[in-house]
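*Asks:* From TrEMBL, here are the annotated features:
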| type | residues | note |
| --- | --- | --- |
| COILED | 62-89 | coiled coil |
| DOMAIN | 221-600 | domain 'Cation/H+ exchanger transmembrane' |
| SIGNAL | 1-26 | signal peptide |
| TRANSMEM | 225-247 | transmembrane segment |
| TRANSMEM | 267-285 | transmembrane segment |
| TRANSMEM | 297-316 | transmembrane segment |
| TRANSMEM | 394-418 | transmembrane segment |
| TRANSMEM | 439-459 | transmembrane segment |
| TRANSMEM | 495-515 | transmembrane segment |
| TRANSMEM | 520-543 | transmembrane segment |
| TRANSMEM | 582-601 | transmembrane segment |
Amino acid sequence: MKAIEFNSLRILISLLCCQLFNTAEHEDVVKHAIKLHRGKGAAVTQRKQWVLENCRKLSGLLRQKNVVLNKLKNAIKSVEKDLGLSDEEKLFQVHTFEIFQKELNESENSVFQAIHGLQRALQGDYKDVVNMKESSRQRLEALREAAIKVRGVNFEAVLRVEEDEADSKRNISKREVEDDLGLSMLIDSQNNQYILTKPRDSTIPRADHHFIKDIVTIGMLSLPCGWLCTMIGLPTMFGYIICGVLLGPSGLNSIKSIVQVETLGEFGVFFTLFLVGLEFSPERLRKVWKISLQGPCYMTLLMIAFGLLWGHLLQIRPTQCVFISTCLSLSSTPLVSRFLVGSARGDKEGDIDYSSVLLGMLVMQDVQLGLFIAVMPTLIQAGASTYSSIVMEILRILILIGQILFSLAAVFLICLVIKTYLIGPYYRKLHAESKGNKEILILGISAFIFLMLTITELLDVSMELGCFLAGTLISSQGHMVTEEIISCIEPIRDFLAIIFFASIGLHVFPTFVIYELTVLLFLTLSVVIMKFVLAVLVLSLILPKSSQYIKWIVSAGLAQVSEFSFVLGSRARRAGIISREVYLLILSVTTLSLLLAPALWRAATMKCVPRPERRSST
């Protein structure tokens, strides 16, 4: 048996040798090797002579390779000693010689790696699944090492995975197989997976079946998850996040087109911010505008100050501290709105009711959210700081602030022009054309959202701010217009928001929450207590004396973290502002704070709301 394996190995070595010489003779050499291996058509002496001849050629090639390597070393030394060449020319020529040296060494290593791989395959058991997986893993490692970088372009081998198992059970012509290759999955040396985006032949209709199955699966599983959260009194977004956790890498791992799902979820963010801007009403702020303006600003500044202090003690980057503090300073408008359904007004004439103060402060936080999203590109630039001089750093920050102010001024000037001259006639035209046909109205509003999105992106402001401003511009046309558009856009927003929160769940790992549960509970309680104390402190300074009693209820309503921290966290994670661990911490703390919010609100209302109002507010 060993003799047979040795003869087989010698034949395979010779086969590899011949591939180095003449690719035109490849097929004839393979046929000849097969005949020799089977003992047909050649005598023993002829086989030995054939193997020795090809091994001699291989050893000759290796000797030539060594000679060439020595010549390249001498050439590099002569280039380095040449005084007539500039440093750039020397570097270029030396780099060229080194690439050639590396290519020769890699070619030699590939030959011997192939020989060892064939030897393992001959000695292994083809029925052993574990052995086959290990061999595949070793081949992937070899492919990863074979990647060559030349002038910023990566040349590397990829694997093509055919996942249609039914193909093996039915006869398919070669042409049909080639047509279906476009829907195969490619895996590179870093284990990234790719699918077709633009086919060579655009006349053949194609569909990404992975993506279709993923959306169908998310839609089907989101219903029971959201239903369950509704039954136990939690916001439905928790159910959608749980759906993503169950289907994602930490669960069943059934979602294949993760990037495509996240891309579709981005439209959920766009339409959500549009509706937030659409519900922005200056009339809500008219009575409590000073409190609504001052309260959120003071709270945000205090949160940032505390964040920078802790960041300095823990040696965390200032950019990261500012981002985390701003995220945690926001509170959930939808959740508090549910708390305030049917809430009563002030019990004394002239008092300020807590519902107006809460809604006013939440609306101003929504405005802050839009502005902060607009500033995020600047935070990314600030995080990439390479200056060591304090003066240069301050100068760079001032330049960035100037860019922000210029971009925001340009955006608001464009909004003023649109509000004055364009939005009124545009909506009246849409309303006239959409009688009996709501799709024209939906398409027209969506086009306006995408127009504002494009304008803000061109001005180096975030796209989300454009969506928010589109909503505020349309809301300026009156309450009836707002109600009509909400009835059309809200179902679209709801479906896309399901996809967005499910895509958030794809990146949540329950094992992280379980292992770090003690730390997460401590952080969540710290954030909730800090927000409550800061809100009480700020409201004590800005509320009239006759309305001081509502500060406890308003503070309880603001003591959780907004679900928009999911949006900000995903943006910051993608931009590299925060690390993966910080992103998971933000998600976990936000979720736990929202879970604690109903209990805190119920306790505050039971303690502070007068008895006749308590039934309606709870």
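Cβ from N, Cα, C; glycine included.
TrEMBL entries are annotated by machine, without manual review.
Set these features in their place in the structure for me.
*Replies:* Same-chain residues lying 6+ beyond the ends of the coiled coil (62-89) with a Cβ under 8 Å from its Cβ atoms: 97-98, 100-101, 104, 108.
Note on the transmembrane segment (297-316): residues 322, 324-326, 328-329, 364, 368, 530-531, 534-535, 537-538, 541-542, 558 of its chain, located 6 or more positions outside it, place their CB under 8 angstroms from a CB of the stretch.
When Cβ-Cβ distances below 8 Å are used as the criterion, the transmembrane segment (439-459) is approached by residues 270-271, 274, 374, 407, 410-411, 414, 426, 430-431, 433, 465-467, 469-470, 473-474, 484-485, 488-489, 492 of the same chain, each at least six residues removed from its ends.
For the transmembrane segment (520-543), the residues of the chain that approach it from at least six positions outside its boundaries are 290-291, 294-295, 298-299, 302-303, 306, 328-329, 331, 352, 357, 513, 550-552, 554-556, 558-561, 585, 588-589, 592-593, 596, 600, judged by C-beta separation under 8 angstroms.
Listed by sequence, the residues of this chain that lie at least six past the ends of the transmembrane segment (582-601) yet keep a Cβ under 8 A from its Cβ atoms are 233-235, 238, 241, 320, 324, 327-328, 332, 335, 339, 504, 507-509, 512-513, 516, 520-521, 523-524, 527-528, 532, 556-557, 559-563, 565-566, 569-570, 572-573.
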*Asks:* Counting only residues 6 or more past its boundaries, what in the same chain has a CB within less than 8 Å of a CB in the transmembrane segment (495-515)?
*Replies:* 215, 218-219, 222, 226, 237, 240-250, 255, 258, 261-262, 264-269, 271-272, 566, 570, 583-584, 587-588
